[in-house]
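A short worksheet on the structure shown next.
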Ligand SMILES: [Zn+2]
């Protein structure tokens with residue numbers, strides 16, 4: 001529908017420079033420039049390297065997204081940007097670009113929450129989000145279980161990791177196994193040829209007195225590393241495929257078990273899974289099995305929309321416009337620890353603020 | 001001609017408009033931690049003061065540092081994006097050149113030094129307010145004491161280290177007004193200005209973990 005909001009979204013919370021364009025719940029463009037190769041030799045994302053890359057990549061990526069979408073900047077109804085959480089310096093590059101772009105074009109600016117964007121992106125794949133929706137977000141930066149009744153205003157944390165993010169555990173185990181960075185895809189690949197029940201690795205925080213929806217992957221990580229070191233110390237060969245499969249099984253078993261339990265406890269019949277780890281093939285299969293058994297409908301976007309991207313930010317921005325949420329002020333700042341409950345950063349005057357009114361006709365009046 | 005100048009490479013968040021003859025509006029705020037918040041409202045204010053809108057701008061000039069990276073990138077990213085949205089050229093100028101231009105110094109050569117944190121300074125030497133002799137570079141003040149001995153110096157880096165720079169004076173921070181005036185002068189003389197690329201001078205901090213090598217083919 002042509003009257004649905006046309007929004008450009010900018011994402012720079014980690015190592016991907018993402019610019020997406022959506023119209024309502026329709027994906028028009030998803031342009032990405034990644035600095036992941038520059039981080040590989042460090043075994044993790046180096047914040048300064050990421051920030052430098054964002055500055056270089058931003059303008060060409062905006063250009064590419066607009067071309068791909070076949071729209072003109074002057075037709076946009078708003079500019080959305082990840083205001084947090086994420087790496088402070090990296091976020092600031094995206095926020096600076098979004099503010100300058102919105103101001104120059106005379107468009108409203110929406111600073112939005114990265115985690116809520118990960119959930120909202122599913123609208124581009126499977127249509128409007130059911131309300132409520134349970135969401136399991138798993139990546140190198142986050143592992144959270146969230147319940148949302150309205151993605152523009154109400155996201156409640158059910159549980160989160162108390163130590164490492166799930167994706168971080170994949171990176172660390174890949175490093176111990178000398179498999180390179182990032183760890184997720186390569187562990188997934190080796191695990192396909194291994195036996196997931198070969199080694200009984202611990203399931204963190206699954207005891208009867210443990211918090212029902214929180215996660216812990218640090219103990220698992222240590223257990224796997226010790227097991228590998230013991231093999232090496234004994235001069236035995238490390239069965240990489242079995243280790244990968246057994247480790248991966250321990251992670252996805254806990255993730256899916258807790259997510260399904262949260263759905264049941266809250267009477268929610270939809271589960272969405274997002275974040276980079278949602279690309280894991282075993283997580284997808286096991287989640288599907290367990291959701292089916294529990295009568296829950298599973299929604300997982302395609303892998304490219306699960307990892308960080310600009311389309312997810314645009315998707316949430318479009319929803320903000322559609323629901324009449326107030327725009328952000330020109331002094332919007334990046335907030336590396338923006339709480340998940342802050343779905344966006346509205347301007348101080350909750351109605352349409354006057355700076356936007358004044359500047360609306362900046363360019364194409 | 002309407003030139004919009006920005007600089008966020010020092011603790012100052014500074015914006016100015018230049019019409020080819022004079023600076024017609026400017027704003028400078030010193031707050032090393034809030035470049036991201038302060039810059040856009042400052043642009044809005046300066047335009048309002050001049051009674052103009054952003055689409056009247058015909059070129060953007062931005063300080064390329066050297067300066068603390070996080071703040072530096074705010075100005076560069078803003079300038080780049082204005083250039084994209086407005087379809088106007090974006091020029092860079094070394095931030096230290098802007099300070100040199102604003103320095104009212106009769107004894108030459110002289111030094112410009114800004115605070116590079118970590119007990120270092122960003123510095124350059126000038127034959128006069130328009131001509132850079134050496135630099136920019138980043139060093140510990142004690143390590144360059146011999147090279148700058150006896151030279152007058154301006155900038156926060158000089159004021160911060162009196163042992164190395166005993167004859168330090170104002171200005172402390174760069175002003176976009178000076179940057180704009182210098183850019184206007186150079187453009188009028190038909191000079192080509194540098195690209196708006198950051199002068200980082202240091203490699204990014206990053207530790208390569210030990211015992212780690214990539215063995216998986218891409
Ligand atoms: Zn993410």
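The backbone N, Cα and C atoms fix where each Cβ goes, glycine too.
Curation plays no part in TrEMBL annotations; they are all automatic predictions.
Listed in TrEMBL:
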DOMAIN    A:27-314  domain 'Gcp-like'
BINDING   A:114, A:118, A:308  Fe cation binding site
BINDING   A:137, A:138, A:139, A:140, A:141, A:171, A:184, A:188, A:280  substrate binding site
REGION    A:330-365  region 'Disordered'
COMPBIAS  A:345-365  compositional bias 'Basic and acidic residues'
Open item on the list: I'd like to confirm something. Which of the binding-site residues, A:114, A:118, A:308, has a Cα closest to the Cα of residue A:137 (substrate binding site)?
Closed with: A:118
Open item on the list: Around residue A:308 (Fe cation binding site), which of the listed binding-site residues (A:139, A:184, A:280) come within 10 Å, judging by Cα atoms?
Closed with: A:139
TODO: Would you mind sorting out which binding-site residues among A:137, A:184, A:280 put a C-beta under 6 angstroms from ligand 1?
DONE: none
TODO: Could you say which of the binding-site residues A:114, A:118 has its Cβ with the most other Cβ atoms inside 10 Å?
DONE: A:118
Task: residue A:118 (Fe cation binding site) and residue A:280 (substrate binding site), distance between Cα atoms, whole Å - done: 16
Open item on the list: Can you tell me how many other Cβ atoms are located within 10 Å of the Cβ belonging to residue A:137 (substrate binding site)?
Closed with: 27
Task: Among A:141, A:184 [binding-site residues], residue with fewest other Cβ within 10 Å - done: A:141
Open item on the list: On the three-state reduction of DSSP, what should I expect for residue A:139 (substrate binding site)?
Closed with: coil
